[in-house]
Amino acid sequence: MPLPTRASGTGQLPQQPPSPLAGLLQGEGMAEPVSDTDTEAEVQRQPPPRWFTPLRLLIIFCFANIMVYMDRGVIASNGVNGSQRTADNPKGSGIQGDFGLSNAEDGLLATAFMVGLLLASPIFSEACKHYSAFRLIGIGMGTWAVAVAGCGLSFNFGSIFACRMFVGVGEASFVALASPFIDDYAPPQLKARWFAIFYMCIPTGFALGYVYGGLVAAALGWRAAFFISGGIMVPFVALMFLSRPLHLHGTRDIGPDPTRPKTAIGVVKEFGVDAVAVSKHPVWRNMVGGYTLYCALLGVFAFWGPKAGKEIYDMKSTSADLVFGGVTALAGVVGGLLGGISLDMLGSTLRNANLICAFANLGGMTLCLLAFLVAKDFVTFMVLFAFGEVILFLIQAPVGAIGMWSVPPALRPLAISLNTIIMHLIGDVPSPPLLGLLQTRLSAGKPPQEAAQMWRISLSVFTLLLFPGGLFFLWNAKVSGSAKDYRSKTEHDAAEARITRLSATGSRGRRSSGTGAAAGAPAGDGGGAAPGGDGGSGGAAGGAVEPLLDKAASGGAGLDTNGAAADCEAGLAQPAGRGAAGRLRVRGGSGAS
């Protein structure tokens, strides 16, 4: 079916009824079609849903992110994961005891989701080029909720392994698409901090999973932990399906482009072309290398940390879950926020982001090695380990920023998916079973107390992965000095488009009140649209590459770099169209009014 074109003289697009399935995926009646000749800044859309503000979007996505990673912590917790069958405890406990799993088999459960993630990530990242990313997140997280609940119904290793694979299918949609939404709708001057808040949900979710898994398993059994987690996600899934969808920058939302191939082979070729395009960006490649090594260690800490602490210091299972969970949660919050704030304060550049990542790898490695090899008592160990985790978690916001800004906007979901696949496939997927194998070899034939101390050696060996990881980021800091920052390019393009449009409006292009500068005339260092409702202080849009926020007050709105608008008082992007036209077009009167 050919794409609709604009009706002559109206600037509007004719409505064409899609199929029911297409309407669901595309957000029928909620996103207007666009012809191939239109730029994204010219796409006319209906206003966002009533619930929407960027801050609310961030909160909702943070909730989902916590739930996704809490599930990882749940299956690693001592209460749910349990212990092996032994002569002293022939029944064991938890999943290991019920299904009679070895350490190697147990480690595979932490990696089973990778199968689904590997298969589904490219599908979701390519599908979002044609269908509503909001709806795709709903489909994925609905699958996730069912699969997590299914883990509670499993009856052997094979059944729970299969459920964990489908957990990965659901996770793929959220991992690929949530971050670009935040990149689009966050206030430009606060993007690194918003990334920090979003990504700190990863360690926080893990930590909550340890605590939640231990408490629920002790009270209701390990299966109940999965049932409850799956049910908690249902309201989020409902919102993704029932709400008017938000638009994702660089996507179409209107179904397949008829100029693109529709056959399976054609789709695979299209994916291959896009994947090659992503891999050609050196800053992205180096980031993936360093981050993969980093994630390999974090996968080890996440899965084996509570169990190692329990055996080294002869702790109770519940106590180990609570201590390691609490420390990891606090370190994740503090480190994640410090990383984002540091990047904003130093200057949100690719070079600074890489330098912070390098420091996080090398500094965190040093403190963790001291904790494993030097600390003898539990208090000293936890102090060193806690500070080491704080430094390690500095990486979350900067590495997210590198992944977003080092590739063109339309390739962001695929870049995130490929990064996720690689860092799981050769990072935190093989590392837990490999450490389990190493620990089994080191402890073989040794008495229990001596075998428990072998955890120090095995964890130290894997901690050394941070050294080459830090070198990757140091090299990338040098490379990024001459590389493109596509965030800046996007903002520059938006600024140029806005100036051109304002100049073309003629008499409407010059509106001022009091001493406010004319909105349509370029100024040498204009900072964007003047706040609507404040006629005396607004500077004109200038040639400098600055974030252009939509001041959605009574005077109208200016174009945001990613199609979002901004609240005049809170500084948070608000949906264009509240009291305005709800269009991405820059209208006359966008300056001071």
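Counting starts with 1 at the first residue shown.
Just so you know, glycine gets a Cβ as well, placed from its N, Cα and C.
From a predicted model like this one, the values you see are computed outputs, not experimental measurements.
TrEMBL lists region 'Disordered' for one of the ranges 90-110, 573-593, namely 573-593. With respect to Cβ pairs under 8 Å, the transmembrane segment (51-70) is most closely packed against 194-212, considering the stretches 107-124, 161-182, 194-212, 324-343, 355-375. Beyond the transmembrane segment (224-242), the same-chain residues lying 6 or more positions past its ends with a Cβ under 8 Å from any Cβ of the stretch are 24, 60, 63-64, 67, 70-71, 74, 79-80, 134-135, 137-138, 141-142, 144-152, 212-213, 216-217. The transmembrane segment (161-182) is in contact with the transmembrane segment (414-435), judged by 3+ CB-CB distances under 8 Å for residue pairs 6 or more apart in sequence. Within the chain, the transmembrane segment (324-343) has long-range Cβ neighbours (under 8 A, six or more residues past its boundaries) at 73, 77, 192-197, 199-200, 202-204, 206-211, 214, 301, 305-306, 309, 352-353, 356, 360, 382, 385-386, 389-398, 401. Against the transmembrane segment (288-304), the recorded stretches 381-402, 414-435, 455-477 differ in Cβ pairs under 8 Å, and the greatest number is found for 414-435. Ranked by the number of CB pairs under 8 Å to the transmembrane segment (455-477), the listed stretches 136-155, 194-212, 355-375, 414-435 are led by 355-375.
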